[in-house]
Amino acid sequence: MENVLIATVLSFVVTYFSIPILIRVAELKHLYDEPDERKAHKQRIPTLGGIGFFSGFIIAAAVCVPTLQNSPFQYMMAAFFIIFMVGMKDDIVGLSPLKKLVGQLIASFAIIYLGNLQISGMYGFLGITTLPSNISLMLTYFYFIVVINAFNLIDGVDGHAGSIGLLVSAVLGAYFLHVGELTYAVLGFALAGGLASFLIYNISPARIFMGDTGSLLIGLVNAVLVLKFIEVAGNPAGKMPVNATPAVAIAILIVPLFDTLRVFSVRMLQGRSPFSADRNHIHHYLLDLKLDHRQTTLISVSVNAAFIVAAYFLQGLGTTVLTILVVGAATTFTGVLYLARRRKQAVKVAVTTIAQPAAQNATAPKILRVTTGGVLQDK
């Protein structure tokens, strides 16, 4: 417990005092996120915030994670540094999607192969228990790439990715603390402490963005925590076993995970790269419904928290049924937002179409034909 408390406070304090320095450096070096028609912000914002909570997180983890024999912690630290370098290079000079993907695969390799952490079974989903080793390996790599990018893709609104990352890491940190997995409890609360501090500067109106440096790190750390949660909670002999563990894990990551898989699928069906940019994320739907950044973030976090609570209490339904229920509820929620946005856009187009001729008529000059006898005709 003491290690977890120290990690949380240390990460918070280091991040809190790092961010103002990073804002100043970004301003001096002109390292900004420039606004465009797709982005929600309207002015240039510094982008080095991820360095701040990475520093807090990594220092807290290095100091507070207990030294255990055969621990995968050293490989996780290597992976965190790799993903940090990938994100920082992308924020400062830019990086192609292919090079970012290679960096993510290398970081995933350090955890999967060297750290021996991977998806070994489906825990009864569709009647499947264990997986062949090659399928297990491919599924784990796919899982890491999706979750890493998921937090990157939802980072489009002030406080959005940070708040959801804070929720996920705190929930998992609390679980690991309860079951005695101290290494993962420290990682969860170290990230939560850093994000809580970062959000002081990132909640709308944001003074700094986390950039890829931060969002990729949140994705990787939470990917590790969720995968370890499946392993520990899925053990019936454990201290706090959870039924339907994969379904509960999906619920824990529901907003970033479902949104990313949905957007990737739509883009590929349209013949586009899954990494191409558009305005089809859930936070775009909420913004188009005239919600501000704080309201959008609050709704997303509340929905994610509701899914976690509901999945936990419905775990007795079994993996297959609960997974279908979770995905179905997420699909319904997204569909309602999509239809509401389309309706609002249709009304806006109709009003604009009606208003334009009226405005033209109102401003059209009148021509008067005048003779010595007076006005003959008003044209």
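Each residue, glycine too, has its Cβ placed from N, Cα and C.
Curation plays no part in TrEMBL annotations; they are all automatic predictions.
The Mg(2+) binding site annotation in TrEMBL covers ASN152, ASP212. Over all protein chains present, the Cβ of ASN152 (Mg(2+) binding site) has 26 other Cβ atoms lying within 10 Å.
Feature annotation from TrEMBL assigns transmembrane segment to 6-26 (among others).
Summarising the annotation, TrEMBL assigns transmembrane segment to 47-68 (among others).
Taken from TrEMBL, the feature transmembrane segment covers 74-93 (among others). Sequence-distant contacts of the transmembrane segment (74-93), counting only residues of its own chain at least 6 positions beyond either end whose CB sits under 8 Å from a CB of the stretch, comprise 31, 47-48, 50-51, 54, 57-58, 61-62, 99-100, 103-104, 106-108, 110-111, 114-115, 148, 187, 211-217, 220-221, 224.
Feature annotation from TrEMBL assigns transmembrane segment to 105-129 (among others).
Residues or ranges marked as transmembrane segment in TrEMBL: 135-154 (among others). Listed as Cβ neighbours of the transmembrane segment (135-154) (distance under 8 Å, sequence separation of 6 or more from its ends, same chain) are residues 83, 101, 104-105, 107-108, 111-112, 118-121, 160-161, 164-165, 212, 215-216, 218-220, 222-223, 226-227, 253, 255-257, 259-261, 263-264, 275, 281-283, 300.
If you look up TrEMBL, you'll see 161-178 (among others) marked as transmembrane segment.
Among the features that TrEMBL reports, transmembrane segment is placed at 184-203 (among others).
Annotation comment: TrEMBL describes 215-234 (among others) as transmembrane segment.
Per TrEMBL, the feature transmembrane segment maps to 246-264 (among others).
Under the heading transmembrane segment, TrEMBL lists 296-314 (among others). Sequence-distant contacts of the transmembrane segment (296-314), counting only residues of its own chain at least 6 positions beyond either end whose CB sits under 8 Å from a CB of the stretch, comprise 154, 157-160, 163-164, 167-168, 171, 203-204, 242, 244, 247-248, 250-252, 254-255, 282-283, 286-287, 322, 325-326, 329-330, 333.
Outside the transmembrane segment (320-340) by six or more residues, the chain places 124-127, 244, 246-248, 250-251, 254, 258-259, 262, 282, 285-286, 289, 303, 307, 311, 314 with a CB less than 8 A from a CB of the stretch. Annotation source TrEMBL lists transmembrane segment at 320-340 (among others).
Long-range neighbours of the transmembrane segment (184-203) within the same chain, counting only residues 6 or more positions beyond its ends whose Cβ lies under 8 Å from a Cβ of the stretch, are 3-4, 7-16, 19, 23, 49, 52-54, 56-57, 60-61, 64-66, 76, 158-159, 162-163, 165-166, 169-170, 172-174, 176-177, 209-210, 214, 218, 221-222, 224-225, 228, 294, 297. Of all Cβ atoms in the shown protein chains, 24 besides its own fall within 10 Å of the Cβ of ASP212 (Mg(2+) binding site). Counted over residue pairs separated by six or more positions, the transmembrane segment (161-178) shares fewer than 3 Cβ pairs under 8 angstroms with the transmembrane segment (47-68), which leaves the two as not touching.
In terms of C-beta pairs under 8 Å, the stretch of 6-26, 47-68, 215-234, 246-264 lying closest in packing to the transmembrane segment (105-129) is 215-234. ASN152 (Mg(2+) binding site) carries a helical DSSP state (H, G or I).
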